[in-house]
Amino acid sequence: MTELRFPEGFVWGAATAAYQIEGAVAEDGRAPSIWDTFSRTPGKVFQGHTGDVACDHYHRYAEDVALMADLGLRAYRFSVAWPRIRPDGTGPVNPRGLDFYDRLVDALLDRGIDPIVTLYHWDLPQALENQGGWTARETAEHFADYALAVHQRLGDRVRTWTTLNEPWCSAYLGYGNGVHAPGGRDAGAAFRAVHHLLLGHGLAARALRAAGAEVVGITLNLADVQPADAGSAADAAAVRLVDGLQNRIFLDPLTGAGYPDDVLAHVARIVEPDFVRDGDEKVIAAPLDLLGLNYYAPTYVAGRAGGAGSSAYPGTEGGVEFLPPVGPLTDMGWMIEPAGLTRLLERVAADYPGLPLIITENGGAFPDRNTEGTGWVADTDRVAYLDGHLRAAHEAVARGVDLRGYLVWSLLDNFEWAEGYRKRFGIVHVDYLTQRRTPKESARWYQEVISRNGL
Ligand code: FCB
């Protein structure tokens with residue numbers, strides 16, 4: 001196969017999130033988040049798993065950073081836990097919470113690894129949820145205050161700031177279909193949450209910029225939405241609806257175009273959008289330096305009267321059919337289609353020009369074919385997944401997309417939300433009984449990719 005080189009300066013890294021790896025949920029002043037509450041609620045997370053210990057990264061961060069250095073990572077995307085910094089969401093800043101990230105950032109910089117901070121990866125302080133969470137407008141303001149508190153401590157060393165991770169999940173899975181914390185099931189609340197998340201992003205982006213942040217961005221899980229039948233008008237309408245609910249509802253206001261009319265009309269059939277106030281769209285349109293994209297799998301839809309739709313896409317029930325994924329699948333049951341990544345990158349670059357892109361997450365859950373005692377974890381499936389998606393990303397670059405980097409999900413096996421620990425996404429294996437880390441075959445493969453800046 002021909003050699004593929006990525007542009008010079010291409011950022012190679014890995015990603016994690018606080019609740020998924022840190023553990024230490026009651027240490028140094030941290031208060032519960034919605035995920036602590038949710039994971040303790042019977043029936044919400046696989047076998048009642050919680051993030052109480054997770055990968056114990058809070059105590060083992062130095063070892064983990066050494067591992068990153070060994071793999072040659074140039075960047076590390078992690079999230080800051082809001083309930084460590086402002087445990088009750090609004091009140092005094094907890095310096096001990098900030099101390100942890102201070103130490104982490106220093107350890108990264110010592111090894112020449114660029115820290116990429118995500119300010120919100122789903123762990124809302126429970127105290128704020130008690131006041132309405134993201135359905136309450138005030139949460140957006142509290143988020144900006146919290147963002148600023150983190151910047152005040154880390155801003156002298158951290159260049160790249162992303163406000164939110166996947167607001168689609170926070171809103172639609174958190175408040176719409178109940179699969180994620182806080183477990184709400186109310187379509188109107190989901191749209192309210194979308195707006196307040198975006199508003200929180202805008203307020204935080206503005207505050208960060210004013211405080212001197214160099215690169216300000218957001219990470220979205222955009223969907224590559226495809227029709228079941230490319231020639232069908234009904235399927236095209238279904239694509240447009242789903243694209244509106246997952247992509248344009250975020251991208252348009254973020255890039256200054258305001259909410260799309262068709263999306264607003266759809267929302268208005270479900271809830272009166274009185275939560276969108278004059279001036280909000282201007283706040284949401286705060287300048288972006290970087291757009292993070294998380295891509296795992298494509299979405300195929302058909303327009304069909306009586307179609308089951310999905311409660312994760314409010315208003316699709318009765319008119320849209322989400323096609324069951326066709327193999328090969330990952331252990332999450334997600335379809336493996338690297339071409340979807342090329343399509344998505346090209347589409348975003350074409351419709352929202354001038355915005356530098358970075359893949360902030362991509363990876364696959366696969367059961368490890370373990371090799372007990374050999375110190376080797378063979379994850380050939382993951383290597384193939386990553387290889388395919390990097391080729392797809394390279395294809396987009398070759399076609400002119402301004403893609404700046406790639407961060408694999410994930411550095412470590414970790415707490416996979418409602419799936420608990422049963423799904424493994426890491427390029428490094430974690431033995432949860434001993435907390436032993438073992439780089440998998442994919443980690444060694446990735447190390448080689450990084451050192452060659454290509455495949
Ligand atoms: C994304 C999340 C991330 C991880 C991957 C598999 O939606 O951002 O935390 O769970 O999926």
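Cβ coordinates come from backbone N, Cα and C, glycine included.
Predicted automatically and left uncurated, TrEMBL annotations should be read as such.
If you look up TrEMBL, you'll see Gln20, His121, Asn165, Tyr296, Trp409, Glu416, Trp417 marked as substrate binding site. Around Glu416 (substrate binding site), taking its Cβ as the centre, 20 other Cβ atoms fall within 10 Å, counting all chains.
Counting every protein chain shown, the Cβ of Glu166 (active site, proton donor) has 24 other Cβ atoms within 10 Å. For Glu166, the entry in TrEMBL reads active site, proton donor.
Annotated active site, nucleophile per TrEMBL: Glu361, in sequence order. According to its DSSP assignment, Glu361 (active site, nucleophile) is in a strand. Around the Cβ of Glu361 (active site, nucleophile), a 10 Å sphere holds 24 further Cβ atoms from the protein chains shown.
If you draw a 10 Å sphere around the CB of Trp417 (substrate binding site), it holds 24 other CB atoms from the protein chains shown.
A separation of roughly 14 Å, to the nearest angstrom, links the Cα atoms of Gln20 (substrate binding site) and Glu361 (active site, nucleophile). Rounded to a whole number, the C-alpha distance linking Trp417 (substrate binding site) with Glu166 (active site, proton donor) is 14 angstrom.
The distance from the Cα of Trp409 (substrate binding site) to the Cα of Glu166 (active site, proton donor) comes to 14 Å. Highlighted in sequence order, Ala17, Glu166, Glu361, Ser410, Asn414, Phe425 have their Cβ within 8 Å of the centre of the Cβ atoms of Gln20, His121, Asn165, Tyr296, Trp409, Glu416, Trp417, the residues recorded for substrate, and are not part of that set. For Tyr296 (substrate binding site), the same-chain residues that are 6 or more apart in sequence and have a Cβ closer than 8 Å to its Cβ are Asn221, Thr330, Met332, Trp334, Glu361, Asn362, Gly363, Gly364. Non-local neighbourhood of Asn165 (substrate binding site): Ala17, Ser79, Thr118, Tyr120, His121, Trp122, Thr219, Asn294, Thr360, each in the same chain, at least six residues away, with C-beta under 8 Å from its C-beta.
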